[in-house]
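Record features, source Swiss-Prot:
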ACT_SITE  CYS279  active site
ACT_SITE  HIS338  active site
ACT_SITE  ASP361  active site
BINDING   ASN401, ASP403, GLU450, GLU455  Ca(2+) binding site
Amino acid sequence: MDQVATLRLESVDLQSSRNNKEHHTQEMGVKRLTVRRGQPFYLRLSFSRPFQSQNDHITFVAETGPKPSELLGTRATFFLTRVQPGNVWSASDFTIDSNSLQVSLFTPANAVIGHYTLKIEISQGQGHSVTYPLGTFILLFNPWSPEDDVYLPSEILLQEYIMRDYGFVYKGHERFITSWPWNYGQFEEDIIDICFEILNKSLYHLKNPAKDCSQRNDVVYVCRVVSAMINSNDDNGVLQGNWGEDYSKGVSPLEWKGSVAILQQWSARGGQPVKYGQCWVFASVMCTVMRCLGVPTRVVSNFRSAHNVDRNLTIDTYYDRNAEMLSTQKRDKIWNFHVWNECWMIRKDLPPGYNGWQVLDPTPQQTSSGLFCCGPASVKAIREGDVHLAYDTPFVYAEVNADEVIWLLGDGQAQEILAHNTSSIGKEISTKMVGSDQRQSITSSYKYPEGSPEERAVFMKASRKMLGPQRASLPFLDLLESGGLRDQPAQLQLHLARIPEWGQDLQLLLRIQRVPDSTHPRGPIGLVVRFCAQALLHGGGTQKPFWRHTVRMNLDFGKETQWPLLLPYSNYRNKLTDEKLIRVSGIAEVEETGRSMLVLKDICLEPPHLSIEVSERAEVGKALRVHVTLTNTLMVALSSCTMVLEGSGLINGQIAKDLGTLVAGHTLQIQLDLYPTKAGPRQLQVLISSNEVKEIKGYKDIFVTVAGAP
């Protein structure tokens, strides 16, 4: 019998183009193989002679991590079989065509994600084996696979929460919500490598690389690592936070337009934190990383978000008799808004019923298991007050449900409760609507309707779990029991007379109506109303007052009085932060009793409007003319204007232009050509910043067709 010639591997075709398309990774490119777990991919192996299944034995070996181990799940050895044996590593469904072998490789839906090397060992009979490298591939989570913990059974939702590479962050104030376009860019060149670089620079990996890699099959673990690594409080994470006003050593958080530049800068500088970020930047960068790794993720904004460090579900704020909001040494705050992420996953570590959206917050606010990270906390657990469930559920519950107590301070002591608000925190919880540029309110996912029996019952349930059965008496409860919070003889409201624009005088209207109360059920009262205006900081604090005003009046029973107020531009011109937020507060003192009432109005100033127009049909590789128009509607010139354009699939990186000074009342028109590189829905984002206004921002949705398409 003639001896069969040795089987040698001549070449391998990883079929990256076909596989990447079938695994929804073609947007990352087709130069290398990028696949998702729990789904087969295909190879073509070319040999020196036809493969003979009865004589030739092929063993596949896949390895990832620094010390691959089958025990740790970072090394897999599997043989060529006719039928796929189940949710395990396998090579099956092969066909022989002359000297080539087409084979289907399957990775289990609980495999470790990461960069893999793939090789085969070929032997004949009892002879020795020869090893051949096949190449490398990247393995990601697979939300299209029903067996994966991140499975999301809706193609529409998958297109939004995995494939969409742009979106919106919602900022401002609950009554002045602004949409902030953001370029996630999760499919841009090198981003996938940077995502794994983030995992590899974590403290978990530095402490025990082999163990860390072995746990990357667990989406809960990976999410917590990423949450800690987006901030730099414990490690060389991606972003350094800055909530002050001096950004001279870096970039103002308001000037970032997308995640790509941040991630590329972090990687290029060897993992040195990028300066600077605030909550919406942290959350947007985490959204990029998680979508890139294959976890359905969205960015969520919570307006009037509590930062309740002492876990008593109460936030105290203080005013003096001149209506000035006072700073305090306490770390508890009410942020104008706060931004976090939601990731979709199964929670096998929790009792049944808590799967689905989970809160993850990369902004460094408090430690969790020794590191500055937060979550995943089940949104369902937050809604039901199940604050005993992991991870960090009490902190997130307080962010959307804490009570607010407003005190009048005198002689250094809290003298009077001005308000006890049970529904002022956790307002207009928002995310981008699926398939639309509109905002969607998801407040009902986090809490029952304010004031409903269910909402108060859940609040008491969470309070008992967080504070214990021997709940200490809170100071404001003592005052409530002693009658410290009574009905008031008048109702006060502050309204804006017209839309507030930065650079214009602000016109307000005070409305006061005399109503019956227990002390003075009828008859006139005298009021002294002291007003104060302060710059409102994103973190909930204020700066020194820049405007004061006092009104004295007599108010007859049953009558309503309107009093106009003028806040001149000259008063606030150089006093505001980049967010352009103003808090106008008033303390009305009743002359007959000495008791006080509070009225508040937060004002978000509108920046000038930016217009973006595209005149032609957009095609890949063809010049696309873009027109940008800005009219300076302010009373002052905009100096040192710069324009930056960004958009995945439209621009490689960014386009920056210096525009000089734009005189008050004048219009600036810019034309430029773009050359789209990718087909499909794209978004062009434009930011014009100046010394006076940092965030004149606009966007344009553009659908790019394949070149030559009808």
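Every residue gets a Cβ built from N, Cα and C, even glycine.
ASP403 (Ca(2+) binding site) carries a strand DSSP state (E or B). Here the candidates are the active-site residues CYS279, HIS338, ASP361. The one whose C-alpha lies nearest to that of ASN401 (Ca(2+) binding site) is HIS338. Other C-beta atoms found within 10 angstroms of the C-beta of GLU450 (Ca(2+) binding site) number 15, with every protein chain shown included.
Restricting the recorded positions CYS279, ASP403, GLU455 to those with a CA within 10 Å of the CA of HIS338 (active site) leaves CYS279, listed by sequence position. It is GLU455, among the recorded positions ASP361, ASP403, GLU455, whose Cβ has the fewest other Cβ atoms within 10 Å in the structure shown. The Ca(2+) site, placed at the center of the C-beta atoms of ASN401, ASP403, GLU450, GLU455, has further neighbours from the same chain whose C-beta lies within 8 angstroms: THR422, SER423, ILE425, GLY426, LYS447, GLY451, ARG456, PHE459. The shortest Cα-Cα distance between CYS279 (active site) and any of the recorded positions ASP361, ASP403, GLU450, GLU455 is the one to ASP361.
Classification of GLU455 (Ca(2+) binding site) by DSSP places it within a helix. Looking at GLU455 (Ca(2+) binding site) and ASP361 (active site), their Cα atoms lie 24 Å from each other. Its Cβ taken as reference, HIS338 (active site) is surrounded by 27 other Cβ atoms within 10 Å in the chains shown.
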